[in-house]
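Have a look at the structure below, then the notes.
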Amino acid sequence: MSSEQPFYASCDVADALLALGLPHGGYIPDIHLWSPEFKAGNTRGIYCRDFREPIAPALVLLLTVPAFIPPQPPSMVSVKETDAPKPDQHFVDAAPAGSVICISQPSNMVNAVWGGLMTARAQAKGALGVIVDGRIRDLNEQREAGFPVFAKATSIMGAGPFTRASTLNAPIVMQPNPNHPPITIHPGDYIVADADGIVVIPQALLSEVEARCKKSTAIDDQCMAALKAGESIAGTFKKYRG
């Protein structure tokens, strides 16, 4: 992948994955951007050389980096599940620089699994953001830190009395919407997360996704110019999309 071009928006990537035969398009629905602002910001704004070295400002809201997946499914378990594995360190301490932390919380739990203190540590470790299929809290602290945080909902209750992490960096399954197919995230997959939504790119499809996005966005740019010039939707699509 060229180091001179940015990666593409989540919408472009999902279209590419659908064209490549993934029926879910890599899309994780109903998880939204809460920080630095709620559903606001750039949707084509960061490029990471080799997906490890961020060369864009820290507050942009598009993340295209290898996923760091804390615990295995469910990534958080109830504290009552005493037989579930326990990691030998806190999952935020284990996060590598340049990664996106992905967390899946049991759907019947209403506590937060991510808060302001975790964001402080994640930033110190060099993580670029967090995606939580579950709940977060401390929104003021998240936003003051300018840290990209995506989650399904918020809570005022902390994790301690309710949930804990299990094993580190194993595949997890996210299905925040039961009407959409579950998405499995493997360590090293690529995450594109922006104000529109979140999409997961399997490692093996990265080059094909880039090629399709490059072609489709060029066509869309032609369509946009034509529509702004007064051409019809039907005529424009026939001319440029075929």
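Glycine too: its Cβ is placed from the backbone N, Cα and C atoms.
In TrEMBL this protein carries:
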type	residues	note
BINDING	G115, G116, L117, M118, R137	substrate binding site
BINDING	D138	Mg(2+) binding site
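Feature map: TrEMBL annotations on the structure.
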{"residue": "G115", "record": "substrate binding site", "Cβ contacts under 8 Å, 6 or more apart": "I136, R137, D138, E141, G158, A159"}
{"residue": "G116", "record": "substrate binding site", "Cβ contacts under 8 Å, 6 or more apart": "R137, D138, N140, E141, Q142, A145"}
{"residue": "L117", "record": "substrate binding site", "Cβ contacts under 8 Å, 6 or more apart": "D138"}
{"residue": "M118", "record": "substrate binding site", "Cβ contacts under 8 Å, 6 or more apart": "V92, V130"}
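Residues G115, G116, L117, M118, R137 are recorded as binding substrate; their most distant pair of Cα atoms lies 10 Å apart. In the structure as shown, the Cβ atom of D138 (Mg(2+) binding site) sits within 10 Å of 22 other Cβ atoms.
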